[in-house]
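*Asks:* Sharing the feature lines straight out of TrEMBL:
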{"type": "DOMAIN", "residues": "A:9-522", "note": "domain 'Cytochrome oxidase subunit I profile'"}
{"type": "TRANSMEM", "residues": "A:27-48", "note": "transmembrane segment"}
{"type": "TRANSMEM", "residues": "A:68-89", "note": "transmembrane segment"}
{"type": "TRANSMEM", "residues": "A:110-129", "note": "transmembrane segment"}
{"type": "TRANSMEM", "residues": "A:153-179", "note": "transmembrane segment"}
{"type": "TRANSMEM", "residues": "A:191-219", "note": "transmembrane segment"}
{"type": "TRANSMEM", "residues": "A:242-262", "note": "transmembrane segment"}
{"type": "TRANSMEM", "residues": "A:274-296", "note": "transmembrane segment"}
{"type": "TRANSMEM", "residues": "A:308-332", "note": "transmembrane segment"}
{"type": "TRANSMEM", "residues": "A:384-404", "note": "transmembrane segment"}
{"type": "TRANSMEM", "residues": "A:416-438", "note": "transmembrane segment"}
{"type": "TRANSMEM", "residues": "A:458-483", "note": "transmembrane segment"}
{"type": "TRANSMEM", "residues": "A:581-602", "note": "transmembrane segment"}
Amino acid sequence: MSSTAKKKGFGATIWDYLTTVDHKKIAILYLIAGTFFFVVGGIEAMLIRIQLAKPDNDFVSAGLFNEIITMHGTTMIFLAAMPLLFAFMNAAVPLQIGARDVAFPFLNSLGFWLFLFGGIFLNLSWFLGGAPDAGWTSYASLSLASPGHGIDFYALGLQISGAGTLIAGINFLVTIINMRAPGMTYMRMPLFTWTTFVASALILFAFPPLTVGLFFMIFDRMFDANFFDHINGGNTVIWEHLFWIFGHPEVYILVLPAFGLFSEIFATFARKRLFGYSSMVFATILIGFLGFMVWAHHMFTVGLGPTANAIFAVATMAIAVPTGMKVFNWLLTIWGGNIKVTTPMLYALGFIPSFVAGGVTGVMQASAPLDYQLHDSYFIVAHFHYVIVGGIVLALFASAHYYWPLMFNQMLNETLGKITFVFFFIGFHCTFFVQHFLGLMGMPRRVFTFMGGQGWDQFNLISTVGAFLMAIGVILLVVNVIITAIKNEPAGRDPWKDGRTLEWAIPQPVPYYNFKQTPLVRGLDTFWIEKMEGNKEGMTYAEPISDIHMPNNSFIPFMISLGLFVAAFGALYHQDTDKTWSIPVLIIGLAITFASMITRSLKDDLGYHIHKEELMNEKGGKH
Amino acid sequence: MMKGLKKWRLFGLLAALTIFLSGCGEEYLSTLTPAGQVGKDQYNLLLLSTAIMTFVIIVVVIIYVLAIVKFRRKKVGENTIPKQVEGSHTLEIIWTAIPIVLLLILAVPTVSLTYKFADTKAMEAKDADGNAKAVTVNVTAKLYWWEFEYPEQGIVTSQELVVPTGQKVYFNLKAADVKHSFWIPAIGGKMDTNVDNINKFYLTFDKESDGLKDGVFYGKCAELCGPSHALMDFKVKTLSQDNFNNWVDNMQATKGKKADKNSTDLGEQVFANSCISCHAVSGEGTGGGVAPNLAAFGDRNRVAGFLEHSEDGIKNWIKNSQELKPGNIMPEEKALNNGKEFTDEELDALAAYLMGLSVEK
C-alpha cells in the first residue's frame, strides 16, 4: 500500500499491480487470487454436499462428481490455501524481520504470476472439455485411463503453478537468511517468520518430487512414455510414492505457517511472550524434518509389507510429540496472560480444540492395522478436514482479521467477525464431526452417491446442513470486507494496541520503502520491548537516514508466465491429431517466455534511489 | 423437583445412548460391529487409541477452559501487563515424556498387529495329499465388478464372495484395469488391488451371514476407480464349513453347463445368442472373464452389485446399463441383439432364465 497508490487512476492502478515487485502489493494480489479460488473451491464443496445430502441423489452425475471432488481438493490445496498463506507471508514476514522487501522482488512477482496462470489454466478445463477426474491425488492407473484432457490440465496447470510456489519458497528462504535487520538473530525471529522459513525449506525439498512426478505423467499422457504404464514395464506405485513424498510435507507446508500465525495471535492477545519460544522453534524444525519421513502412511493399504508399514507407523506417531509440545506451549502462553477475545483470538481459541481433534485422529490412523479400516473411508475425510479447516482455514480467517489493518490500514468489523466465526465454527464441526462415524460405519470416500438404508442417511444430512452454515460464515466475511472497504476508516499504527513484533511498529499506511531507517532489534518481540520502555517511536534505529535503493517495476514476470500458459495449450492439444496448430502454439508460447527471460538478462535494470532529502520531507515516515 | 430432574437426566442419557448406538451403523457393514478376528483386533485398537486420545483431549480441554476462564481481560484488568514468562524446562520435559509413553503404549500393538495381519505363510501349507490346507480366493477387481476365483476348488464366481466361517481365508488381490481396493468393513480392514502386483492378506469370518438383514455382509471398493466407483459393491456370504463344502460341490457340478441356442427355453436361447460370448454359466473354471460369471446368479443379492435382485432389476439393467453404472463395459442392448432392442417377451424369458441360474436352490 504505497502512499501514492490511491491518487492514481484506475488503469494506472491496474498497470501498477501488473508490474509491481513490492511485497506488500504482491501480498494483496495473492490475497485476491487466493480468495477467488477459495470461493471456487467452496462452491465445489457445496455441490458435493448437496449431492450427498440424501441417498440416491441425482443432483450431479457420477462423472461430474468426480471432476468436482478432484477440483475441490486441487483448488483448495494449491490455489487457495497456499496462495493465501503466501499473502500473509508477503505482507508480514519482510516487515517482521525489518527488511525493505524480499530478497528477490522480481522473482516474487514471477512466483505470483506463475501461480495465477497455472491456476487459471487448470480451471479453464471446466470450459474446455471437462475437468480432471482422478482425485487430487491423481493415482496413475486411473489418471492414465482417464479420457479427455482433464488430467492434462491438471498436470500442466500444477506444473506451472508449482514452479511459482518453488520460486516463492526459495525467495523466502533467502530473504529470511539474508535480509534480517541488525540484531534480528535467528532466535529473535517471530514465530511466523520461523514457520515461514521452515515451510519454505519444505517447499524446496518437497516440490521437486511433484515436478518429477508431473513430468512423468505429462510424458506418459502426451508423448506416450511408459513411466506408469505397468503393461509396458512402468509402475503405478511409483506415482503414489512421488506424490506422497511431496504430498505429506505439503500438509506441513500449509500447517506450519498456520501454527506461526496462531503463535503471533496468542502472544499478542494474551499480552504475553510466547511460552517456550525455543522449544516452539525446535518443534517446528522437528515437524519439518519428520514430515519427510512419513509419506508411506498414506499408502498403508498398498501392500508395502509389514516392515515398511511398521516403520512408517511409528515414525508418524513420533510427529505427535512436537505437535503436542506446540499445543501445550500455546495453552501455557494464554495461561497467566491477559486474554482479550478479539476476532482473531476467537479463531485462535477455536483452533485449539479443533486441531487437537484432528491431530488425535491422525495418530489413530498412524496405527497401520487400524488404518486398514480407516483408510479411504469418510474417517480420513473427517480427519484431514479437521486439520486443514480446523488448522489452516481458521488460521487464514484469523489472520485476515489480524493483518487486515497492516495490509489495508482498516479494521474489519469485530462484531460481524465474531458472528462469522460462530457460523463457520459450528458449521465446520457439524459438517465434519459426523463424518468420522460415517467412515467407521463403512462409507468409502469419493462416492458420488450411496444407497439408502445403510445407516448413513442421517449423518450425511447433518453434514450437508453444516456445510451451509460454513457457507454463511464465508459470505459474512465477504460482506465484512465490503463494508470495511466502503467505510474506509484508517486504523493507524498498532491498531490492536498489543502488537509485539516489528510489523506493528511501522507507520500506517506502510511507506512503499518500508522502514525509513533499518531498525535495530533488541530482543524477541522487539516492538513490545520498545513500548515497555516508553519509546514512543517504537523502534530503535540501526542507521541514520540515507538513500534507499529500490527495484523498478517490471512487466516481464507477467510475460514469462503468460508464455508458459500459452505453451501449455500447445502441449495439451499435441495428442489430438486434428489440431495441427498445437506445435506452433507450443513454440510461440515458449518463445514468449524465453524472449522475456533474455530481455530480463540483457537489459540492465539497476533500480532507483530514494534520496535522503526526499525521505526527510516525506510525511509518511513520521507518524 | 429432584425426581423430575433425575427423570430428565435419564432421558438425556437415553438420548445420548440412542445417538451413540445409531452411531454404530449396520451390522453387515460397520467396522464398529466386527464379525471376524481381524476386524475385532482392529476394533480393539480403535478402542485403545480412542481411550488414549480421549485422555489427551481431556487434559488439553481442562487447561484450556481454566485458562480462558481465569485469564480473561475482564477479570485480569484492562491495563495489567502479565509477567513475561520465558518457558519452563520441567513442563517441556513433562509434555514431551508423557506423550512418548502414551504413543509407546499404542505402538506396541500397532507393530505386532501389522506383522500378524501380514502373515500369509499358511497359504502355501499343503496336507499329505498335496492339497492346500487353507481356503484361498483370488480376487480380481475390474471396472466395476469383482471376480472371485477359488484355484484349489477349480471354481469361479463373481460379485458375491462365498467363504467358510471359523478359519483364516486367504486372498490374492489384483486389479485388471485400474486400481481398486477390497474392503469388507464388518470383517476387517481393506487392501488395495494394484495393477502391478498381487497383494496377499487374510480375513476370518466368525459369523454366518444367514441371520443378517440381507443375508450377506457388504463389501466395498475403497479406491476411486472412475465414475461408478460408488456402485462397485460386492456381497459376502459366509457359510459353515459343511455348507461351504456343499456350495463348492454344487459349483463344481455346473461343469460344462452351457446355454443352448436350440433350447426350448426362450430365455436360454436369448442368452446363448446375446450374452454367452462374455458371461459364463458354468461355475467351474478359472478367472480372467471379461464379464461376471453368472453360474450362481440366481442366488445373489443384487443385480450388478447394487440393483434390486428381481426380474425387473435385470431388465432395467439390460436396458439401461450405461445410465445406471456409467463407464462399465457391458454393451448397449442393441449391440447385444444384432442392432435391435429385445422384445418384452425375450427380456422376460431372459430374466427368468437368469434368475434360475442357481447352485443353492
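Yeah, the Cβs are placed from backbone N, Cα and C, and that goes for glycine too.
Structural setting of the listed features?
*Replies:* Away from its own ends, the transmembrane segment (A:27-48) comes close to residues 1, 17, 20, 59-60, 65, 68-69, 71-72, 75-76, 79-84, 86-91, 112, 115-116, 119, 123, 407, 467-468, 471, 474 of its chain (Cβ-Cβ under 8 Å, at least six residues beyond either end).
Residues 27-28, 30-31, 33-35, 37-38, 40-41, 44-45, 47-48, 60, 111-112, 115, 119, 122-123, 125-126, 131-138, 150, 154, 158, 161-162, 165, 168, 172, 192, 196, 199, 250, 253-254, 257-258, 261, 388, 392-393, 396, 399, 403, 446 of the same chain lie 6 or more positions beyond the ends of the transmembrane segment (A:68-89) yet place their CB under 8 Å from a CB of it.
Away from its own ends, the transmembrane segment (A:110-129) comes close to residues 26, 29-30, 33, 37, 40, 67, 71, 74-75, 78-79, 82-83, 86, 148-150, 153-154, 156-165, 167-168, 171, 556-558, 560-562, 564-565, 568 of its chain (Cβ-Cβ under 8 Å, at least six residues beyond either end).
If one looks beyond the transmembrane segment (A:242-262) by at least 6 residues along the same chain, the residues whose Cβ comes under 8 Å of a Cβ in the stretch are 77, 81-82, 85, 88-89, 137-139, 190-196, 198-199, 202-203, 205-207, 209-210, 212-213, 216, 284, 287-288, 291-292, 294-299, 326, 330, 348, 351, 384, 387-388, 391-392, 394-396, 398-399, 402.
Long-range neighbours of the transmembrane segment (A:308-332) within the same chain, counting only residues 6 or more positions beyond its ends whose Cβ lies under 8 Å from a Cβ of the stretch, are 259, 262-263, 266, 274-276, 279-280, 282-284, 286-287, 290-291, 293-297, 300, 352, 355-356, 359, 362-363, 366-368, 371.
Remote same-chain residues near the transmembrane segment (A:384-404) are listed as 76, 81, 84-85, 88, 91-92, 251, 254-255, 257-259, 261-262, 264-265, 268, 342-345, 347-348, 350-351, 354-355, 357-359, 361-362, 410-412, 417, 420-421, 424-425, 428, 431-432, 435, 477, 484, 496 (criterion: CB distance under 8 Å, separation of at least six residues from the stretch ends).
For the transmembrane segment (A:416-438), the list of distant contacts is 49, 343, 346-347, 350, 354, 361, 377-379, 381-383, 385-386, 389-390, 394, 397, 401, 456, 459-460, 462-474, 476-477, 479-480, 483: same-chain residues at least six beyond its ends, Cβ to Cβ under 8 Å.
Using a Cβ-Cβ cut-off under 8 Å and counting only residues 6 or more beyond its ends in the same chain, the transmembrane segment (A:458-483) has close neighbours at 38-39, 42, 45-46, 49-50, 52-55, 397, 400, 412-413, 416-417, 419-432, 434-435, 437-438, 441, 450.
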*Asks:* So what pLDDT does the domain 'Cytochrome oxidase subunit I profile' (A:9-522) average out to?
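*Replies:* Taking every residue of the domain 'Cytochrome oxidase subunit I profile' (A:9-522) together, the mean pLDDT is 95.
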